Amino acid sequence: MSSGADESSVRVALRIRPQLAKEKIEGCHICTYVMPGEPQVILGKDKAFTFDHVFDMNTQQGTIYTHCTEKLIEGCFEGYNATIFAYGQTGSGKTYTMGTGFDVNIGDDEHGIIPRAVHHLFRGIEERRQAATEQSRPVPEFKINTQFLELYNEEVLDLFDTTRDLEARRQRSNIKIHEDANGGIYTVGVTTRTVTSAAEMMQCLKLGALSRTTASTQMNVQSSRSHAIFTIHLCQVRVCSPDNNDNLTDNRLANDSEINEFETLTAKFHFVDLAGSERLKRTGATGDRAKEGISINCGLLALGNVISALGDRSKRSSHVPYRDSKLTRLLQDSLGGNSQTIMIACISPSDRDFMETLNTLKYANRARNIKNKVMVNQDRASQQISALRTEIARLQMELMEYKTGKRVLGEDGMEGINDLVHENSMLQTENNNLRVRVKAMQETIDAQRTRLTQLLSEQASQVLAKAGDGNEEIGNMIQNYIKEIEELRAKLLESEAVNENLRKSLSRASARSSLYGGPGSFSALMPPEKEASDVIEMAKKNLEKLKKMEKKKKKRLRRFEENQHHEAELSSVVKEELPDNDQERSNEEAEG
């Protein structure tokens with residue numbers, strides 16, 4: 001498994017929520033239009049935006065999960081980090097999309113991304129264990145930990161904390177954010193729960209979601225007043241999967257070694273439900289609600305600055321302000337770091353939210369330009385084993401090249417590529433080029449032969465037409481004769497060429513026998529000479545037969561033409577004599 005870093009762009013999906021009953025009653029118009037068959041949305045009359053996915057108002061939750069999250073969960077089993085976060089104005093459907101609302105009346109088909117991802121994760125674990133059992137391989141071991149944080153007024157709070165009082169929780173909150181040697185972000189002082197089943201993880205998720213800070217505003221009855229981050233840590237110990245390059249390993253070593261090599265993979269999946277951006281004038285917030293709204297907007301502003309710094313090509317070399325907010329600090333891995341990230345921008349279709357929708361679309365459009373450096377999270381022992389296996393495969397390939405003579409050592413001890421290998425490669429290239437040319441020339445010869453046959457048949461038809469006896473049947477017969485004659489002529493030329501080559505081979509063999517004279521050498525060369533002479537005799541006989549057949553065809557054609565000519569002359573003589581006989585008969589009658 002390769003552990004090198006690969007670039008991966010942040011993918012952006014757009015979700016348009018349906019209009020609310022209140023908006024319909026107030027007469028709000030729809031200002032968004034999704035292009036059919038294209039991931040493009042048009043806002044108003046002329047503002048078009050293109051994203052990786054665009055989901056219209058009637059899109060189901062399952063469709064969004066399939067397109068946005070399914071591949072990320074599969075990537076976690078291969079050791080890749082992932083992040084999915086929802087962004088948008090307040091009341092645009094972020095919590096519903098992520099699935100942290102937990103309405104008691106909600107159906108299975110309306111479950112959001114997080115509940116579906118949890119079931120997908122444990123289903124994938126069970127499938128991998130079952131596949132290992134069926135293939136008689138060691139069963140992989142999995143360990144899953146979860147964390148649930150919220151960022152409320154720039155304070156990181158633990159939603160798994162059993163203390164429900166907000167003030168008491170804030171006093172006990174001593175969560176710190178740190179960065180490891182590889183640039184990864186981790187938190188200290190957060191409750192981590194180990195889970196073994198999907199039901200247990202869903203219970204943890206529900207417990208944390210109920211502890212989250214929510215309140216009512218004029219724009220949203222149950223508005224999230226904090227940013228929530230639900231994190232799944234997956235640790236996997238499995239047998240090293242064979243790469244394509246490992247097929248080059250020595251079979252003897254593979255059969256003798258019964259020791260399985262294990263690797264440890266870790267992955268981190270962030271599910272981020274951001275609080276909605278809001279205007280105090282529209283929400284009517286005062287007091288604590290106003291302070292919460294200001295804190296939310298400050299965090300989203302810092303996030304926008306980070307996205308602008310990473311997405312703008314002219315600013316990529318400049319400083320990225322991750323430390324301006326704890327939100328951007330927690331998401332440092334997800335934006336420009338080691339993570340496969342997808343952003344779901346949630347918008348309202350109503351025209352009264354036009355400006356908020358336009359800002360969200362611009363925000364999301366900048367995020368598409370961010371490049372993350374994705375790599376597999378292996379422990380150091382697994383990385384060293386992988387590097388050693390790659391080195392062994394390379395050395396075995398080099399050894400095979402020495403055995404086959406492709407690599408040689410020069411007099412100065414420097415290794416190089418054998419000249420014969422270069423020559424062989426050049427000859428193969430030349431051979432392929434000659435084959436192409438021969439094929440093209442053969443097609444040209446066939447076309448010219450067809451054209452020649454057609455011209456000769458037309459010429460013969462014109463001769464017969466002048467004689468007055470040409471018809472379609474005779475023309476077809478002549479064309480067939482000419483075609484057969486041309487084919488025989490081509491075979492004759494080919495036989496003559498083969499005969500000439502055999503004669504040259506025989507002369508070379510005779511010259512070699514005269515140079516290396518002696519009874520033994522002469523007797524050794526006798527069978528090839530005899531064989532060559534037999535072939536030459538056979539070719540001569542075939543050549544004579546072809547010549548006779550061609551002569552017969554020409555005689556037959558000449559006779560046919562002579563007969564046609566005699567018939568034409570006879571008919572002309574008869575036509576000339578008929579008027580004279582008529583004149584004599586009329587004179588005799590007059591005299592009588």
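Quick reminder: no glycine exception, Cβ is built from N, Cα and C everywhere.
The number of other Cβ atoms within 10 Å of the Cβ belonging to G88 (ATP binding site), over all protein chains shown, comes to 27. Taken from TrEMBL, the feature ATP binding site covers G88, Q89, T90, G91, S92, G93, K94, T95.
If you look up TrEMBL, you'll see 378-505 marked as coiled coil.
Marked as compositional bias 'Basic residues' by TrEMBL: 548-558.
TrEMBL lists 559-592 with the feature compositional bias 'Basic and acidic residues'.
Across the domain 'Kinesin motor' (9-370), the model assigns an average pLDDT of 83. Feature annotation from TrEMBL assigns domain 'Kinesin motor' to 9-370.
Each of the binding-site residues Q89, S92, T95 was scored by how many other Cβ atoms lie within 10 Å of its Cβ, and the smallest score goes to Q89. Sparsest Cβ environment among the binding-site residues G91, G93 (other Cβ atoms counted within 10 Å): G93. Counting other CB atoms no more than 10 Å from each candidate's CB, the binding-site residues T90, K94 peak at K94.
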